[in-house]
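Enquirer: For reference, the structure I am asking about is given below.
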Protein chains: 2
Amino acid sequence: MNGYHLAVVGATGAVGTKMIEMLEEANFPIASVKFLASKRSAGKVLSFKNQSVMVEETTPDAFEGVHIALFSAGGSISKQFAKEAVKRGAVVIDNTSAFRMDPTVPLVVPEVNEAALANHQGIIANPNCSTIQMMVALEPIRKQYGLNRIIVSTYQAVSGAGVSALEEMKEQAKALLVGKTEVAANILPCGADEKHFPIAFNALPQIDLFAEGGYTFEEWKMVNETKKIMADDTIKVSATCVRIPVVSGHSESIYLEINEEQATVADIKALLVDAPGVVLEDEPAEQRYPTPLAAVGKKATFVGRIRQDIDVKNGFHMWVVSDNLLKGAAWNSVQIAESLHRLNLIQS
Amino acid sequence: MNGYHLAVVGATGAVGTKMIEMLEEANFPIASVKFLASKRSAGKVLSFKNQSVMVEETTPDAFEGVHIALFSAGGSISKQFAKEAVKRGAVVIDNTSAFRMDPTVPLVVPEVNEAALANHQGIIANPNCSTIQMMVALEPIRKQYGLNRIIVSTYQAVSGAGVSALEEMKEQAKALLVGKTEVAANILPCGADEKHFPIAFNALPQIDLFAEGGYTFEEWKMVNETKKIMADDTIKVSATCVRIPVVSGHSESIYLEINEEQATVADIKALLVDAPGVVLEDEPAEQRYPTPLAAVGKKATFVGRIRQDIDVKNGFHMWVVSDNLLKGAAWNSVQIAESLHRLNLIQS
């Protein structure tokens with residue numbers, strides 16, 4: 001064969017746009033691309049490797065002949081079309097939460113659990129953005145010492161909520177900068193919820209809807225997905241997810257407890273310095289640590305500010321940053337496709 | 001007597017300006033005010049209760065006849081002039097870190113340890129902004145159940161770094177909003193450090209200089225001041241302090257462990273609903289939780305998102321927000337003055 005036929009569903013969205021960019025540099029042969037979106041976006045013209053590609057409406061038949069379909073158009077679109085794509089022979093890599101906790105669906109961060117791809121039944125789920133970067137940073141430590149506990153507080157960027165949320169933040173920021181005291185808010189913290197609050201020059205401790213125990217779905221995603229990806233239900237995980245006025249780049253303040261009393265910060269750094277997908281940026285004396293603005297456009301997960309807890313010997317703190325649209329979404333999805341290709345797991 | 005003679009040192013700064021506002025509504029008699037600042041600011045005219053007051057240069061003799069001197073002009077000014085003021089009979093309420101850990105200096109959050117004022121020797125320290133709001137939120141819980149552990153991640157506003165840092169953030173935001181990709185940074189994360197990074201649409205995991213164990217001084221302040229204010233060296237405290245692009249209002253994601261396995265979220269809420277200085281804003285079903293934008297200009301500490309840890313029975317998470325210039329600085333200082341007056345601890 002001379003390459004795969006690809007489809008990107010949600011091609012005009014914040015993540016879809018980045019998926020196309022990542023596919024342009026993907027490490028597998030591409031015979032053709034098909035860009036799918038809503039009826040409203042059909043007819044728009046996008047570019048792929050300097051060729052014009054017209055956006056088509058997503059329909060079941062659009063997946064005829066497609067080998068790999070990357071979905072990022074919301075959970076309801078995935079629920080509606082992913083199985084249609086599989087029925088027509090495609091492998092679906094789904095960036096929504098629709099199938100993540102389905103026991104028949106592998107939930108994959110290639111640096112962590114690529115082996116889980118072997119058992120796929122057509123759909124592979126891409127984890128939540130906040131979960132992915134935490135897994136990349138923590139897996140080398142878990143493998144060496146075992147992980148007993150994670151407490152994470154996130155500082156999440158607005159691009160994770162889509163293009164319109166970004167536009168709204170910019171309008172709000174402009175208004176506040178010229179001295180307006182009231183600004184309109186129609187999207188964040190969560191388009192599906194009732195009340196909306198400004199994000200510009202603010203921090204919103206709600207991402208997604210509220211669920212059991214006063215935790216949001218975003219927080220539960222971090223808890224449940226961590227246990228599935230690390231294949232260990234005994235790790236204690238709690239999360240507090242917060243949106244802050246950053247364009248792209250999620251940051252996380254992570255506390256972890258390992259099953260080892262003798263490890264030092266130097267040991268942890270030694271594990272991370274050559275870890276796959278990790279860039280260690282941790283030189284306090286030189287003010288070297290990750291920031292979201294510096295991480296934008298990069299595929300790596302940046303780790304810094306590694307410290308031993310002041311009182312708990314097996315406890316460590318760290319600061320983990322990655323581009324939520326890349327490693328948190330588009331790049332991890334394309335990376336899964338690269339793994340499927342390398343492992344010969346795509347029907348063609 | 002017909003009231004106290006007051007001095008505000010650093011009257012033209014971000015906190016000084018708020019101190020003047022708070023003094024206008026203070027609950028004790030004021031005979032006169034004196035606004036002190038650097039030589040550069042001397043001659044500026046400020047307003048107090050609709051009267052014009054000319055700013056004077058800070059000198060030792062400026063404190064002659066002053067009963068209460070509120071300092072907020074940086075640690076070196078406090079070190080230079082606080083004892084001069086005390087020598088001349090003033091009680092100093094110092095908002096810098098200069099004397100906070102001095103064992104002869106009470107470090108006071110009136111809702112928590114007002115009694116410590118009784119032993120003052122002329123100088124009383126106002127705690128770090130991030131510490132104060134955490135103390136207000138946690139003291140009612142500590143009193144009832146005992147506190148075993150605190151892990152806090154902060155989301156700190158730019159006004160804590162002063163007026164010029166705020167101006168810089170606004171200039172950076174304006175430049176980024178019109179599409180510039182490089183912006184100048186000369187102040188944050190820390191004026192006294194070598195490298196500077198943009199704060200607009202960014203998050204900086206450094207506040208103050210780096211110190212022992214990879215922790216910043218800001219983080220050590222939260223650790224050490226907590227133990228001093230709660231008068232308990234056994235509480236385990238670790239902090240990660242992060243600056244985010246918010247004008248005013250510090251937010252904190254706090255994990256706490258109490259010495260009691262049977263307490264519920266309802267029990268914690270019952271402790272906080274009538275706690276001094278606390279406003280409980282915790283109705284997930286109605287999207288009711290604190291945000292910095294909503295807390296600006298208010299004296300209270302707002303607490304929400306109270307949840308039991310998913311795995312640890314005596315562990316709880318919460319989200320605590322307060323105006324860092326008010327309860328975190330100016331209001332707490334004026335509140336200390338009110339306490340001193342009520343407890344008859346001011347020489348006059």
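First residue shown is number 1, and so on along the chain.
Glycine is treated like the rest: Cβ placed from N, Cα and C.
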Enquirer: Which single residue out of A:Asn259, A:Asn314, A:Asn324 does TrEMBL record at the NADP(+) site shared with A:Thr12, A:Gly13, A:Ala14, A:Val15, A:Arg40, A:Ser41, A:Ser159, A:Gly160?
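Expert: NADP(+) site check in TrEMBL: besides A:Thr12, A:Gly13, A:Ala14, A:Val15, A:Arg40, A:Ser41, A:Ser159, A:Gly160, the record includes A:Asn324 out of A:Asn259, A:Asn314, A:Asn324.
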Enquirer: For A:Cys129 (active site, acyl-thioester intermediate), what is the secondary structure by DSSP, using just helix, strand and coil?
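Expert: Its secondary structure by DSSP: helix.
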Enquirer: Go through A:Arg40, A:Arg243, the listed binding-site residues, and name the one with the sparsest Cβ surroundings, counting other Cβ atoms within 10 Å.
Expert: A:Arg40
Enquirer: Give me the mean pLDDT over the domain 'Semialdehyde dehydrogenase NAD-binding' (A:5-120), rounded to a whole number.
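Expert: Summing pLDDT over the domain 'Semialdehyde dehydrogenase NAD-binding' (A:5-120) and dividing by its length gives 97.
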Enquirer: Provide the three-state DSSP residue tally for the domain 'Semialdehyde dehydrogenase NAD-binding' (A:5-120): helix first, then strand, then coil.
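Expert: DSSP composition of the domain 'Semialdehyde dehydrogenase NAD-binding' (A:5-120): 41 helix, 32 strand, 43 coil.
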Enquirer: What subset of the recorded positions A:Thr12, A:Ala14, A:Arg40, A:His250 lies within 10 angstroms of A:Gln156 (substrate binding site) at the C-alpha level?
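Expert: Cα filter at 10 Å returns A:His250.
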Enquirer: Which residue, of the binding-site residues A:Thr12, A:Gln156, A:Ser159, A:Asn324, has its CB surrounded by the fewest other CB atoms within 10 A?
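Expert: Among the binding-site residues A:Thr12, A:Gln156, A:Ser159, A:Asn324, the lowest count of other Cβ atoms within 10 Å belongs to A:Thr12.
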Enquirer: Find the longest CA to CA distance in the recorded NADP(+)-binding set A:Thr12, A:Gly13, A:Ala14, A:Val15, A:Arg40, A:Ser41, A:Ser159, A:Gly160, A:Asn324; express it in Å as a whole number.
Expert: 26
Enquirer: Looking at the recorded positions A:Arg40, A:Arg100, A:Ser159, A:His250, A:Asn324, which has the shortest Cα distance to A:Cys129 (active site, acyl-thioester intermediate)?
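Expert: Nearest candidate: A:Asn324.
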Enquirer: Roughly how many angstrom lie between the C-alpha atoms of A:Thr12 (NADP(+) binding site) and A:Arg243 (substrate binding site)?
Expert: 23
